[in-house]
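*Asks:* Questions regarding the structure given below will be posed in turn.
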Amino acid sequence: MKMRSEVNRTPVFTVEGSKPSINGVFVEPESKSHSFDEVIDIIGFGRTTLHIFIASSLVMMSVLNETMGIAIVIPASQCDLGLSPTDKGILTGVSFAGIIVSSHFWGYIADTKGRRCTLIVSLLLTAISALVSGLSINFTMMAVTRFLVGVFISAPSATVFAYLGEFFKTVNRTMVITYASVAVGLSAVFTATTGWYVLSFEWSLALPGTDLILRPWRFLFFVYTFPTLMGAFWLMALPESPKFYLSRGRESEAFAILVRLYLENHPNATSNDFPVKHITPEAGQKDRSIRSRGSGGCWQIASSVWNQTVPLFKRPNLTNFIICCAVQFGLFVVSAGMGLWFPDIINRLTTSNATGLTVCEALDASSSATNGLMFLEGQHTAVVATCNDNVNEQVFVYAITLGGLYTGLYLAMSVLMHKLGRKCLVAFNLFFSGVSGIALQFVDNPYALVALFCSFLVFAGTSISVLNGATVSIFPTNVRAMAVCLTLMMGRLGSVFGSNLVGLIMEQNCTFTFLLFASCSIICAVLTLFLPS
């Protein structure tokens, strides 16, 4: 009986048996085994953890700067680069294409090579590509460099959630990630306010010996890239996720980081005072860490990628993974797909002279007026075409307003997370988003229209980060970054699908368009109820 109990004893991670490891700490075989959440409780919250939180928020802000800031730059660059409407549409979406094609690769790299290393390398490559794009001399160069921006920014767009979450207890991860996601709203405010200021200047500087002329829109790329560089350099001073090290069988390195955090938060303690000598691994994690240590050629790498992906399509991960992908797709369809049309739709609503009309009636009236103007212009024998690269100030006002709403709602959600719970909060947000989209068909007050339209987008958009936090908590460490990357890849597909769908059917059937997108939010609300609490 005694031998059997020893065989069945739960495996633990130790610091190489009883050998001295960290500043003379000896591992006692009979010491209590702690779960990782218990270790986090023992360590507490300190300076390094705060720096990790701030740096991760900065990375989240950088992702939005690089992917959405181009929408402000494109109108200002259209004359210098000779952009057609088709060219502008391609440049708006080419970064998302880069994110989609590279998500699987970066998920594998983050789960096998490390969160921190992946973040630093990808952020530096993103910054280089973004800065080169600011020196573009034609559409082709701009499209290629912005595609590369998407390829490289794909890594931090997902990996940062895994990196940040793994320094906190499971029950707190979603709340912490939601707090950090306030940076998403601040990004919209940052890109709009800096864009408004930089583009208000009129100056040009020709570089001798080249055809390149520096103008404010080129400088704006440098401004948007500054947080990316700042985040990369900040991460260089921070540690790798100890949970990642444990998942790869690198226990000594994980314990070194944990002791460092403990000593930092307990100034009067010594390394001998650190009470943790054994950490209980996740189910099956010991075996995975042993299998992960092999290396080889292309076939081994391909096999490793396959082995890193397959667990997501097996029980117990399969159902949760499918639901996360479906909900993420729907969230991006509404918040990004319809959101890309937000400035245009709001501009048409506010500039229309008609009153007492619903959103679709106002859009139809605006479309009719535009078509009539085009018909009258066609009667002239000569039309002088002048390129106009001025950006309407209303674009900045709308972007700042929407960013402010995102920031406020993220803060509110962070507070309500404790009371309502993650699942109920996301379900409520998405249900309210769907109801707002449906109500747009029946409200004729212009202020109510704008308020409902903003609610329709913002309540769906803020749910994205909460779902990312849920993904980090639901899936095991060894496939966590892969899960976040692949679910976000489905989300980017949703944004491309949604924006193109609006362009195809909005003019022909406005009412059906809003009802379809609102129904998408409600369906996602129901699906989230099937996720673990």
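From the backbone N, Cα and C atoms, a Cβ is placed for every residue, glycine too.
As annotated by TrEMBL, domain 'Major facilitator superfamily (MFS) profile' applies to 51-533. Among the features that TrEMBL reports, transmembrane segment is placed at 52-77, 89-110, 117-137, 143-164, 176-199, 219-238, 321-342, 395-417, 424-443, 449-470, 482-506, 512-531.
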*Asks:* Take a look at 219-238, 424-443, 482-506, 512-531 and tell me which one has the most Cβ pairs under 8 Å to the transmembrane segment (117-137).
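*Replies:* Maximum Cβ contact count belongs to 219-238.
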*Asks:* So which of 143-164, 219-238, 321-342 has the most C-beta pairs under 8 Å when paired with the transmembrane segment (449-470)?
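*Replies:* Comparing 143-164, 219-238, 321-342 against the transmembrane segment (449-470), the winner is 321-342.
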*Asks:* Six or more residues beyond either end and a Cβ under 8 Å away: which residues meet both conditions relative to the transmembrane segment (321-342)?
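*Replies:* The answer is 71, 92, 312-313, 398, 402, 430, 433, 437, 453, 456-458, 460-461, 463-464, 467, 470-471, 474-475, 483, 486-488, 490-503, 506, 517, 520-521, 523-524, 527-528, 530-531.
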*Asks:* Restricting to the same chain and to residues at least six past its boundaries, which positions have a Cβ under 8 Å from a Cβ of the transmembrane segment (176-199)?
*Replies:* 53, 56-58, 60-61, 63-65, 68-69, 72-73, 76, 161, 164-165, 168, 216-217, 219-220, 223-224, 227, 391, 393, 395-396, 399-400, 402-411, 413-414, 417, 461-462, 465-466, 468-469, 472
*Asks:* Find the average pLDDT over the domain 'Major facilitator superfamily (MFS) profile' (51-533) in the predicted model and report it.
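*Replies:* When the pLDDT values over the domain 'Major facilitator superfamily (MFS) profile' (51-533) are averaged, the result is 81.
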